[in-house]
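Chemist: Sharing a structure below in structure tokens format, with a few things to ask.
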Amino acid sequence: MQDIVQEALENAEAEQREMDASSSADDFGDPRIVIVGCGGAGNNTINRLYNIGVDGAETVAINTDKQHLEMIEADTKILVGKSLTSGLGAGGDPSMGERATEMAQGTIKEVLGNADLVFVTAGMGGGTGTGAAPVVSKIAKEQGAIVVGMVSTPFNVERARTVKAEEGLEQLRNAADSIIVLDNNRLLDYVPNLPIGKAFSVMDQIIAETVKGISETITQPSLINLDYADMSTIMNQGGVAVMLVGETQDKNKTQEVVNDAMNHPLLDVDYRGASGGLVHITGGPDLTLKEAEGIAHNITERLEASANVIWGARIQDEYKGKVRVMAIMTGVQSAQVLGPTTQKQADKSRASINGGSEFEYEGSQNRSRNQRQSETTPNTNSWQSDGGRDELEKNNGLDVIR
């Protein structure tokens with residue numbers, strides 16, 4: 001028996017070298033992964049992703065604000081609704097962001113063509129991100145891609161934006177396969193004294209690293225492999241998804257890395273009722289099979305016995321002495337997608353809006369006003385989607401930079 005173990009150890013290094021060589025030489029069958037950032041917050045995430053690099057994924061930035069878009073680095077940049085907004089942004093109106101994106105859907109379909117997995121990132125509560133993210137998700141979904149929304153919610157002090165965020169999240173939830181929601185309010189507890197720009201960059205970094213981690217999990221070879229089919233199986237569970245990230249250098253890796261993930265100050269880790277789990281573990285050459293299996297077990301033990309769990313593990317030399325776990329729990333059938341404090345503020349703001357003036361909440365009220373006008377008088381200027389064939393938009397309103 002000892003001889004078998006020794007032979008296996010001697011052959012392992014040679015097999016690893018062959019696997020690394022073959023993976024870099026043959027791209028046949030690799031899934032096409034596209035990461036789309038909508039609006040200002042989404043574009044900032046794309047910029048960070050582009051700079052840190054994501055193996056095997058393309059980045060796309062979509063915005064109505066030309067000035068901000070010009071500052072962003074991405075593989076493809078799309079200015080939508082130029083004939084509608086003159087490149088000056090959506091003015092905080094989600095219906096404007098939605099309309100601008102619908103006008104450019106012909107180009108978006110082209111850019112997302114043949115994509116297998118599409119991440120859509122945005123900040124909920126503003127104009128372009130809130131309005132564009134569901135449109136982009138729907139386009140990608142209709143073309144056969146698995147669509148994962150990864151969005152952040154506004155601070156409670158932004159009040160009316162929390163209502164817009166809730167409405168936008170509901171639309172995104174219907175358009176995407178799964179959505180992961182990050183609450184900006186957690187920054188107040190985690191990094192309250194950081195300059196505001198750096199504080200927001202912390203959330204950008206979490207989103208960027210998670211998208212990078214998921215993408216590279218299925219594009220890079222692992223000892224216990226996860227592939228696109230595994231991702232598709234888990235993400236098709238639908239509903240809200242919960243993300244967990246943990247890392248430790250403690251000797252008791254099996255428990256400490258799970259503790260770190262479960263106590264992450266920026267992530268909501270309540271995933272009771274989840275119907276699926278995707279777990280990926282990265283460790284150094286010293287990571288044992290027992291440790292890897294123990295980590296996967298500990299992080300999924302809250303799930304029901306019927307939950308579909310898929311896990312994988314990768315060995316990287318730079319992780320010697322430490323271990324990192326990333327997990328996504330999908331199908332969390334929560335009645336609310338906002339965090340509890342944000343939900344409370346949204347409910348409070350909605351009550352105030354309903355009891356206030358008719359047009360206090362510009363986003364939803366503008367849509368209601370337009371609907372009332374169309375019911376009473378014919379409106380020759382009303383807008384309808386033309387499938388991206390608008391001549392003015394095609395000739396003057398859309399800049400695609402590749």
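Yeah, the Cβs are placed from backbone N, Cα and C, and that goes for glycine too.
Automated prediction, rather than curation, is the source of TrEMBL annotations.
Computed from a predicted structure; not experimentally measured.
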Chemist: Since TrEMBL lists GLY40, ALA41, GLY42, ASN43, ASN44, GLY127, THR128, GLY129, GLU158, ARG161 for GTP, which candidate among ASP75, ASP204, ASP227 does it give for that site as well?
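Modeler: When TrEMBL describes the GTP site, the candidate it includes is ASP204.
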Chemist: Check the domain 'Tubulin/FtsZ 2-layer sandwich' (224-341) for me and report the mean pLDDT.
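Modeler: Summarising the domain 'Tubulin/FtsZ 2-layer sandwich' (224-341) by its mean pLDDT gives 85.
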Chemist: Which residues of the same chain, at least 6 positions away in sequence, have a Cβ lying under 8 Å from the Cβ of ASP204 (GTP binding site)?
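Modeler: Sequence-distant Cβ neighbours: ALA41, ASN44, THR45, ARG48.
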Chemist: With every protein chain in view, what's the tally of Cβ atoms within 10 Å of the Cβ of THR128 (GTP binding site), excluding that atom itself?
Modeler: 34
Chemist: Name the residue among the binding-site residues GLY40, GLY42, ASN44, GLU158 whose Cβ has the smallest number of other Cβ atoms within 10 Å.
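Modeler: Counting other Cβ atoms within 10 Å of each of the binding-site residues GLY40, GLY42, ASN44, GLU158 gives the minimum at GLU158.
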